[in-house]
Amino acid sequence: MTKHIAILRGDGIGPEIVAETVRVLDKLIAQGLDAGYEYAPLGGEAYDEYGHPYPEFTQNLCRKADAVLLGAVGSPQYDNLDRPLRPERGLLAIRKDLNLFANLRPAVLYPELANASTLKPEIVAGLDILIVRELTGDIYFGEPRGIRVLENGEREGYNTMKYSESEIRRIAHVAFQSAQKRSKKVCSVGKANVLETTELWREIFEEIGKEYPDVELSHMYVDNAAMQLVRAPKQFDVIATGNIFGDILSDEASMLTGSIGMLPSASLDENGKGLYEPSHGSAPDIAGQNKANPLATILSLAMLLRYSLNDEARAQQVENAVQKVLQQGLRTSDIYEEGTKLVSCSEMGDAVLAAL
């Protein structure tokens, strides 16, 4: 049965990196992948066209699709819009709308990029971490929230951090099942010494862990985890954490690899439907200059093939093509070093197509 993919170009470098990824998808379809795709706007592009960052047209297409591929959202030109209309709100809305509760962000260091990391090669060589982040709860979505005026006339900002047992249980299962396919270690990260939310998180993880006796469970406070990611990152296999801590730690982990431009991500619902996007932002400073690194988006397509289309063979085919291009010494500016060949976004796309 033909699988349907919704493609959202987004803002900034989004259209450029998506264009290269769609060329890869077209080649896979030509080689026999039974899939089709359709475009829809999200973020600033959607606001310009429909007056909303996640319009009804996009909602309908994404709800019907088997998977969604996204470039990036956000641009400084929208910073003065009311908060609900800003591009980033489109991303929060699609996650909530499709009930994408599990965010998987791998941080893998390719041997060819060992020198691109800011850490010593011996500390990061062979790095392979998966951060499993809960995506629809926590302080980003908790109510009540807002800015209010106190009796003394002073303004106060307030947010609510909370997690229910069921929200914690389902992300725990994702973390343990992911670890079973890897090195069988889960590190649950929170701040249980001061936050009741993560005290409950730890308790539930202990309970669910008993269902996975083959997986080793440990716990770490988030401040220590942030330090350990820099001190000795290879101790980690799967890191499982809440929304706000996961947001921060996954960005930190990405820099261990030398470039956030190399890192894909998947956000999944309970049935394997997902939103796939690079971990980096929309990089408006280089938009339209053909400088962006499309590899994270191409690797996001590989995750889409793996998790939503259940096509492990083609997922590996794409990942192998990316590694081959790196072995050939081709680099976009974000991962360039002396002795390698500097290429543009489209030239990197050409190289991946050739490697396929």
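Heads up, the Cβ atoms here are built off N, Cα and C, so glycines get one too.
The structure displayed is predicted, hence computed values, not measured ones.
Site annotation (Swiss-Prot): substrate is bound by Arg95, Arg105, Asp223, and the candidate from Arg63, Arg133, Arg145, Arg202 recorded at this site is Arg133. If you count neighbouring Cβ atoms within 10 Å for each of the binding-site residues Gln289, Asn293, the highest count belongs to Asn293. Checking each of the recorded positions Tyr140, Asp223, Asp247, Asp285 against Lys191 (site 'Important for catalysis') by C-alpha distance, the shortest gap belongs to Asp223. You'll find the Cα of Ala283 (NAD(+) binding site) roughly 18 Å from the Cα of Asp247 (Mg(2+) binding site).
Pairwise Cα distances among Arg95, Arg105, Arg133, Asp223, which the record gives as the binders of substrate, peak at 27 Å. On a Cα basis, Arg133 (substrate binding site) lies 8 Å away from Asp247 (Mg(2+) binding site).
The binding-site residues under consideration are Asp223, Asp251. Their Cβ neighbour counts within 10 Å are lowest for Asp223. Straight-line distance linking the Cα atoms of Ala287 (NAD(+) binding site) and Asp251 (Mg(2+) binding site), rounded to a whole number, equals 21 Å.
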